[in-house]
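Novice: Annotations for this protein, taken from Swiss-Prot, read as follows:
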TRANSMEM  3-23  transmembrane segment
TOPO_DOM  24-42  topological domain 'Extracellular'
TRANSMEM  43-63  transmembrane segment
TOPO_DOM  64-73  topological domain 'Cytoplasmic'
TRANSMEM  74-94  transmembrane segment
TOPO_DOM  95-111  topological domain 'Extracellular'
TRANSMEM  112-132  transmembrane segment
TOPO_DOM  133-139  topological domain 'Cytoplasmic'
TRANSMEM  140-160  transmembrane segment
TOPO_DOM  161-184  topological domain 'Extracellular'
TRANSMEM  185-205  transmembrane segment
TOPO_DOM  206-261  topological domain 'Cytoplasmic'
TRANSMEM  262-282  transmembrane segment
TOPO_DOM  283-297  topological domain 'Extracellular'
TRANSMEM  298-318  transmembrane segment
TOPO_DOM  319-322  topological domain 'Cytoplasmic'
TRANSMEM  323-343  transmembrane segment
TOPO_DOM  344-353  topological domain 'Extracellular'
TRANSMEM  354-374  transmembrane segment
TOPO_DOM  375-391  topological domain 'Cytoplasmic'
TRANSMEM  392-412  transmembrane segment
TOPO_DOM  413-427  topological domain 'Extracellular'
Amino acid sequence: MKTFLFTFCLVAIFGSSSWIGTNSVWMELSLLTAKLPEGWNLPSYLSAIVQIACLGPLIYSIIHKGIKMTIPTVPLIFIFMVLACICQLGLCFFWDDTGYIFGAIRSWPLYLLLFGLAIVDAISSVLFLPFMAQFHPSFLNAYFVGMGLSALIPSLLSLIQGTSNYWCDDNKTPHYYPPRFSVSMFFLINFFFTCAAVAAFLVLYKIGAHKNSSQVEPEPKHSIQIIQGDSTTDVNEVNTESSFQETSSIPDSSSATGARLAFLLLTTALVNAQMNGIVTSVQSYATLVYSQNTYHYAVTLSNVISPLASYLQFFVKIRSLPILAFLTLCSSLTTAVIIYLAALSPNWIFNSETAGTIISIASSLIAAGLHSYLRVMFAALLREGNQKESRLFWCGAFIQIGSFTGSAIMFPLVNVWKLFHSAPSCR
């Protein structure tokens, strides 16, 4: 039990390195835009840089799968994690440096360092996930819990820092309070978290946890298995011993049809398009129109829900494709509500600030919970059976494909055609 919990914590810390770099920059945007010459155009430039970095997984996939070149996974993971540490440390000292690019003053050190972080974050989907195939299946949940922490840690730090606290004068002009600690200190704290992730990875490799795939997790005493049978869906409450017997009766995913595999991969892409591309692009428009606190509660509580929902797979395991399809539909409808709220900005839904606040926060939490749970459940199903490392590679690839597609769709809508409009801070 102690060994399991120790390994679980190490995997979660390792998983937190997946997107903490990019998320840390995003959570500082309110301070960065006030200081840097790009102003509120800065998010558009940074979004473009992150999307260019998404070419990293494509290049890796071509080398690994197309050319069939054998790439040593462990050294490569270590190199990328060290690169993330270097870029995170560089942000502490050079985030506000500028220089001339094509005759205009640009924050090119920030561009370069974010590009390095985004490369690591993007390629983690196709590099870190296959590495997790060597662990016991329960530790895949721990990895996704860590992915949730990669958003939760920067958002909590941002709340403590007080990046967007302000008061309004009689002329409806916002005046921002100074942050409790500087941008450099914020990036330094995230640097230490990234170093902790590197240390966790090295300890995992040193103790050989990835080779001990027979390590059994303590199954919850009462877990719910929802399984797709030949013609019915059964729900059974089982204890530890009967849980393994029931699991063994499930057809091995290696014999699953191509349609089942295609469903899992395509829904993985769809869920991640909503989670990492669509919601993140419009959430500020859907919440800031009601208040700054509404935005902070929506973002922070969503980041709390995400790792908790990832852990839910320990207790509720759904293998029925119709039920998973229904949950995916529910997540899509919730995402549609967020888009609708964003499209209404700067107006309130039902002309009510209270109703809008409740709906915007609730929809953000429901979407975050469903997206996180479905992402873990799809990965767990893809991991089952033979060729689990290859299946998790394609799971990671479709996570990145979905995220890129969602961002690519929303970028012109938000930044080119400007279909969404921000509300004044004071009204």
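Using the three backbone atoms N, Cα and C, a Cβ is placed for every residue, glycine included.
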Novice: Counting Cβ pairs closer than 8 Å, which of 43-63, 74-94, 112-132, 185-205, 323-343 has the most of them with the transmembrane segment (262-282)?
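Specialist: Stretch with maximum Cβ contacts: 323-343.
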Novice: Do at least three C-beta pairs under 8 angstroms join the transmembrane segment (43-63) to the transmembrane segment (323-343), pairs 6 or more apart in sequence?
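Specialist: Answer no: the transmembrane segment (43-63) and the transmembrane segment (323-343) share fewer than 3 Cβ pairs below 8 Å.
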Novice: Quick one: do the transmembrane segment (112-132) and the transmembrane segment (3-23) have at least 3 Cβ pairs under 8 Å, skipping pairs fewer than 6 apart in sequence?
Specialist: yes
Novice: Tell me, roughly as an integer, the mean pLDDT over the topological domain 'Cytoplasmic' (133-139).
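Specialist: Mean pLDDT, the topological domain 'Cytoplasmic' (133-139): 84.
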Novice: Quick one: do the transmembrane segment (185-205) and the transmembrane segment (298-318) reach 3+ CB pairs under 8 Å, ignoring pairs fewer than 6 apart in sequence?
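Specialist: As far as Cβ distances go (cut-off 8 Å, pairs 6 or more apart), the transmembrane segment (185-205) and the transmembrane segment (298-318) do not touch.
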Novice: At least three Cβ pairs under 8 Å linking the transmembrane segment (140-160) and the transmembrane segment (298-318), pairs spaced 6 or more in sequence?
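Specialist: Answer yes: the transmembrane segment (140-160) meets the transmembrane segment (298-318) with 3 or more Cβ pairs below 8 Å.
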Novice: Who are the long-range neighbours of the topological domain 'Extracellular' (344-353) in its own chain, taking Cβ under 8 Å and residues 6 or more past its ends?
Specialist: 285-286, 288-291, 359, 420-424
Novice: DSSP-wise, what's the residue breakdown of the topological domain 'Extracellular' (24-42) into helix, strand and coil?
Specialist: 14 helix, 0 strand, 5 coil
Novice: Summarise the topological domain 'Extracellular' (95-111) as counts of helix, strand and coil residues per DSSP.
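Specialist: Looking at the topological domain 'Extracellular' (95-111) with DSSP, the answer is 4 helix, 6 strand, 7 coil.
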Novice: Six or more residues out from either end of the topological domain 'Extracellular' (95-111), which same-chain residues have a Cβ under 8 Å from its Cβ atoms?
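Specialist: 25, 32, 35-38, 42, 45-46, 49, 183-184, 187.
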